[in-house]
């Protein structure tokens, strides 16, 4: 039709350019989505292009994805030409989505276009769709349930064109193409197959075909209208300018014309008119200027009898007859014309040269059918999601044999006025993967993707991966040997015999290999020579106990007495002269029934894994009461240790806390193990292999258990007959010195109170719980470990939890009596021993000697400290020199205060360096600490003096005296008084520690520095505030007190 002809002409060149530019776009084959790992195409940076299923979807599965450059600025339109031959439904899926999450196999914002496309619906050959999301994908999937398609089935080729159009200011070629798609889409739409293009950014409309009898009224075209004649001049355009005269002389003609504009009304009047010109007579040859006018004039002359010579004039000729009516039927127009001719005697021509009039033909005209305007689009059939909209039009029927209306009565298109919450929905499962194993049991998997959720819908429920077991065939299993049986009895008791063992072969199965190797094994046994008669301990009877003949090196056993359980062991030993003899019997395996009953209760609690931990206090209480009464056998000592070890594990595992009574019972029970009466039993136990390290490990576990339940800054102190236990818990960022034992503690035993031992422990920075134990008689037990070692002192153990590796700072232990220790030690004098360690184990003081540790080497200050103090002191000294050199110019109280302040800082820096080298000399270190206390306080006091002087200057109380004694008393006297009082009250205790020459953190001595310093800062703030207030008063105008203002101004200038 005419609309298509209008589009066909301008679309050719621009649209060819659009095609060329689009094919120059970038195309990559990056996979998009999970359709296939190998067959996937992603179209990017393309605004127009073509798609072919045979080229872009060659196999199954396969995907083709078009990416929208920016969904906020562009919309994708697609025209799909459906296959003409066979088509397999649901094999090709079309959908749009925002993004795809690989980890959860989920499409975000997915929306299917299968309903819009209807690829296998043969009722329409072409379909259109509109996409507004990031990706538009066509995916070819495998047939459902993995069924193979028949040959040639489902391979129908289809093609598509896509167009990316901007939402604002779209290009003209794109709009021309899109409007053509929209017209075709709406013309073929129906309710079963709505148009897939819902909105366009282009103005797509067609100019109505003008029919006879139609006109424009108010910008609206009317098919039938009654002409409305208007006055001459209305409906016409303006007259053109008069043309040049047709003759230079002898009378000529000038003409002018105008155009009819019928949009508003019917024009009446003439299109052209003329007038006479140049009437003067000609002399000589006459030259015509306009051939056209000359023809008109000449034509007129032939029809009139006008002489060719003489005076020439112009006059208007007669009207011609009316022309034939312009139409053969209905209402038309007639016209007549006249000419303006020259005459020697007539006047100039006036009036129109052409006239029109309506005419009616009696013959009735055939009237074609005409469509009325389209009705407005109906409301969307769905309030959210995809719905439908319709619009209709009516046809005015043809008359008198006219043509009927051509085109659809109804148009339908998709609509989507709002988004609906879409729950996630799973796609179809993929086909099963091959079995993971070629034989025996394996697995195979299949996957599926989640569509959505979108716009607040719920997630897909279920798994995206499904795995099932598969079995193809039995795998061959080689035979394997079972475990060997135990060795049989030896064929001889001595002199060399043999013993055998057997094993069984399991398998082979399903054609596997048999077990390699032999079924039986043989070895030699009892190859020792048979003992001679003198190498055998003869049978011996001691009352009810009978010791049978036993070879040297073996051990005989008999049951324990009736008041205990277990066995009494006795070893037969070969003497130095080669004769066998019996050693003394040992009761290491005998446990009294009292301890056996307690062990049973403890074992039940341990078996229940802490469920009976509530009864453990009773176990510990009974164990203490029983151990207070003493032990009868060496096995009782081991039984007590087992019970304590088990209760510790239960308490730590169950998280229960011990009461104060439990801690006391526990410590007393440990002390009972060290009674003097148990000396022989410990000797017997250690001769049979029991090591004292087990006892020390028990104490360490107990300290760890107590430390877990303690709070920060909590201390536990237990004093018993045979040991003193001190446990301290401090934050890890705090360094603390511990003095042990504290002899003034309530309940202190006489052996601790009268002893000369005093231990000082300097903690590093990594400790959390510190336990210190002083044993009264552990040295006698340790002597059994090595008879060549003589312990001449009490034993101290230090336990640190959590156990550090390499300490950032050393731990120092000092004792007032010499200690025999296996550790790096320094004898300070005849009454003190100092031990230092850089790594801690379970038994700190019992650690090995470190030969690289040189305790006589003085500690030197660090390079950073030396440089810092030196630069500070040199700078201050330079300042003093400058002040002294210009003293007569700057002589003032403030200069004196500043010089004294610098001297105090310089002395402090020098004392800091000296204190770093004298930390181990207690006397010198104490003196350095006291001097540092004095000079640090003097620095603060001179700052206070300066604040006082500034306040007096502002207040106007300055005098001519340069140095005031009260300033010197405040700067040097007040610090000296504070230090003297502190030394007198503390007797110099706390001035200097083992690590540094400064005030100790214990005992509150540090407050003798912190308190005065804080007071100085507070007073300085008050003085500055008062001085600032006085300054404001000085600056404020005050006419009634001029003398005071003048005086204050001078004081302020001095300040």
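Any Cβ shown, glycine's included, is placed from N, Cα and C.
Annotation comment: TrEMBL describes 1-29 as signal peptide.
Under the heading domain 'G-protein coupled receptors family 2 profile 1', TrEMBL lists 524-594. Each residue in the domain 'G-protein coupled receptors family 2 profile 1' (524-594) has a pLDDT score, and their mean in this model is 88.
If you look up TrEMBL, you'll see 861-1019 marked as domain 'G-protein coupled receptors family 2 profile 2'.
According to TrEMBL, the feature transmembrane segment maps to 863-884 (among others).
Per TrEMBL, the feature transmembrane segment maps to 896-914 (among others).
If you look up TrEMBL, you'll see 926-945 (among others) marked as transmembrane segment. Under 8 Å from some Cβ of the transmembrane segment (926-945) lie the Cβ atoms of residues 897, 900-901, 904-905, 907-908, 911-912, 914-915, 918, 967, 970-972, 974-976, 978-979, 982-983, 988, 991-992, 997-999, 1008-1009, 1012-1013, 1016-1017, 1019-1020, all in the same chain and six or more residues away from its ends.
Here TrEMBL flags 966-985 (among others) as transmembrane segment.
According to TrEMBL, the transmembrane segment annotation covers 1005-1023 (among others).
For the domain 'G-protein coupled receptors family 2 profile 1' (524-594), the DSSP-based tally of helix, strand and coil residues reads 5 helix, 33 strand, 33 coil.
Long-range neighbours of the transmembrane segment (1005-1023) within the same chain, counting only residues 6 or more positions beyond its ends whose Cβ lies under 8 Å from a Cβ of the stretch, are 933, 936-937, 940-941, 943-944, 947-948, 950-951, 974-975, 978-979, 981-982, 986, 989-991, 999.
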